[in-house]
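Notes follow the structure.
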Amino acid sequence: MIARILSINANDLFCEVNHELKKLHAPGRWKHQKINLAPNDLLELNDQGEIIKLIERKNYLNRPKVANLDHVVLVFSIKDPQLNLKQLFKFMVYFESQLGFKPLIVFSKLDLDHDQNEFKKIVEALEQINYQVFKLNEPDDFLRLKNLLFNKVTIFCGHSGVGKSTLLKRLDNSLDIWTQAVSAKLKRGKNTTTATKLYKFLDGYLVDSPGFSIYDLNLTKQQLSCGLIEFAQYQTKCKFNDCLHLENSADCYLKKKINSLIYQIYLSVIKSII
């Protein structure tokens, strides 16, 4: 049998086993072996329902702690709150450097008044370096996003007020029912309010991590300079391995090749920490 960890509270592992919620405990020796478990870890069970093995992870995110992700969805509004490209860039760097794949980028509140030409340039710049961009005011984009997330494990990230909750309910209107069922099962005290949990979502799973914030990232200049997949492929062609790709960086290959708008966003981010 296989168990999927939905949430962890101290030594209690709340898992889904054969479509039922079960409370399991890791073998005592795992603590001494420093085997640290995370939500969405898959566990092999014996016939008695005891944990015997942690199935190898395909990826792992350190903050919030979660394993085996298929998609990261970054939700940013065009206004209210105003689109912050520096924060978007930081999210992109963080998730790509940790997981090795590009997040999906969703823009909301496009019905509000905004500079359409400027927004078009942003979308084109992101698509030029192979990001999938979704505009929630376009039905085809919404359907394309929904199809991509079907039967997958997904985490959504975005600041308060960008419309993330509305989007989730629009994607899967049964989410509230499952959320209430799991929350009742996992009710174990005040610490669970910020604990990472998994909920059924589009025949897959939604990772809910209410305690996670962009302000927790503390990215270094080295992470920023090569964290994006697109940046990493150019980093090796720069004259210096530790090139920061600044305007005065000698023989920097990246600044010759990368989209100019993306490069300007990068400069504004890295200059804020050096």
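We number each residue from 1, going along the chain as drawn.
Note that Cβ sites are derived from N, Cα and C of the backbone, with glycine treated the same way.
Annotated features in Swiss-Prot:
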DOMAIN    58-215  domain 'CP-type G'
BINDING   Ser108, Lys109, Leu110, Asp111, Gly158, His159, Ser160, Gly161, Val162, Gly163, Lys164, Ser165, Thr166  GTP binding site
BINDING   Cys238, Cys243, His245, Cys252  Zn(2+) binding site
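Known features from Swiss-Prot, placed on the structure.
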residue : record              : contacts (Cβ under 8 Å, 6+ apart)
Ser108  : GTP binding site    : Val75, Phe76, Ser77, Ile78, Leu136, Val162, Gly163, Leu167
Leu110  : GTP binding site    : Ile78, Phe119, Lys135, Leu136, Asn137
Gly158  : GTP binding site    : Leu74, Val75, Phe76, Lys164
Ser160  : GTP binding site    : none
Thr166  : GTP binding site    : none
Cys238  : Zn(2+) binding site : His245, Ser249, Asp251, Cys252, Tyr253, Leu254
Cys243  : Zn(2+) binding site : Ser225, Gln235, Ser249, Cys252, Leu254
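According to DSSP, Cys252 (Zn(2+) binding site) is assigned to coil rather than to any helix or strand. A 10 Å cutoff on Cβ-Cβ distances gives His245 (Zn(2+) binding site) a total of 21 other Cβ atoms nearby, all chains included. The Zn(2+) site, placed at the center of the C-beta atoms of Cys238, Cys243, His245, Cys252, has further neighbours from the same chain whose C-beta lies within 8 angstroms: Ser225, Tyr234, Gln235, Lys239, Phe240, Leu244, Leu246, Ser249, Asp251, Tyr253, Leu254, Lys255. Cβ-based neighbour count (10 Å, all protein chains) for Lys164 (GTP binding site) stands at 20.
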